[in-house]
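Novice: Here it is, the structure, as structure tokens.
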């Protein structure tokens, strides 16, 4: 990077990472809370994309066409994520993590609330899906700067020996948000008639999320900038950009994005396409499918904590390898078991899949962050994470639906997901076994 220079930052002095335990805890809470909203929005949208949106926003289409259009809209956010990583990653590396995370939270929350107020196709015609796509794109841009930024906010307040646990606080947000989304939708579908839920009931969680946005914004504004960023800012005059990171670390970014390709694909494949497949081929009621996912997500909260501690004990790289093996073992029998209508085994496989992915996510935070110096870390981690989610996550439900509709069958869907897990395993092996955090 650039040569060392005299301190130029106007920020006040700050305690080193791990020396201010109250702020370390507050940073972890603030990071997790904002990411809960991000994952909640994605979870709600994913579940609604499989059940309600084909009717409300794509009423002019029918059957598989409406479902694929709905899943494609779900994938728009994944396409937008890399743009968010370029913009917010650059700002976060130049000016700090906290301000970016307040902005991403507000943008995400306002877009979600607007979705809940959007009239359907029957009311405003083609404007309804068009506006839905725009709002989903805005969600994606905000998401591109949110998750890895939240991971860094927690990690960079923690000492090296607690970085895995710090990352696990952000990983907890995924199953917690998914569980909340599943529980809320299960309650609404059970308590309302199908007509009432499709008409207005689905809007409730989207509009109500504005309360969490307000609280999360208040919490995040009370967190100090991370000690690692302040120290790096005082030490160098560099003004990094995401494009500089791409030029300097292309191989590292490629390895990292491939290392998470399997989890990035399988998570939305199971939580969106899986819901549709369980209710059609598996013959499960939507409320039963929601309960299965709820159980899996609640157990995955414990998996996140376990994953963080495992990463601290054996290293993020080894923890990711272990999680990928567990993911393969859980995913391979999943769809055949669903097709057979075996609810207990379906619940067991889904729990294994979700839990394994959350363990990988806990380890991924430090695994990605340690690959870059502090002033390029936000951009580098965000680009790798968002690109792999865009390519493999955003297309997962559409690819699975297409494979099923074109005669490939559920075996083709399983082979596709399993192949990406193998790619991820090889990519993780390509990183050094005893990777140390990059320095300026």
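Numbering starts at 1 and runs along the chain as displayed.
From the backbone N, Cα and C atoms, a Cβ is placed for every residue, glycine too.
Keep in mind that TrEMBL annotations are predicted by a computer and have not been checked by a curator.
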Novice: With TrEMBL as the source, identify the stretch among 221-241, 410-430 annotated transmembrane segment.
Specialist: 410-430
Novice: Which one of 1-20, 21-40 shows up in TrEMBL as region 'Disordered'?
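Specialist: That would be 1-20, per the region 'Disordered' entry in TrEMBL.
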Novice: Against the transmembrane segment (166-188), which of these stretches has the most C-beta pairs under 8 Å: 64-88, 200-219, 253-277, 319-339, 345-371?
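Specialist: Answer is 345-371, with the largest number of Cβ pairs below 8 Å.
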Novice: Average the per-residue pLDDT over the domain 'Major facilitator superfamily (MFS) profile' (27-435) and send me the rounded value.
Specialist: 89
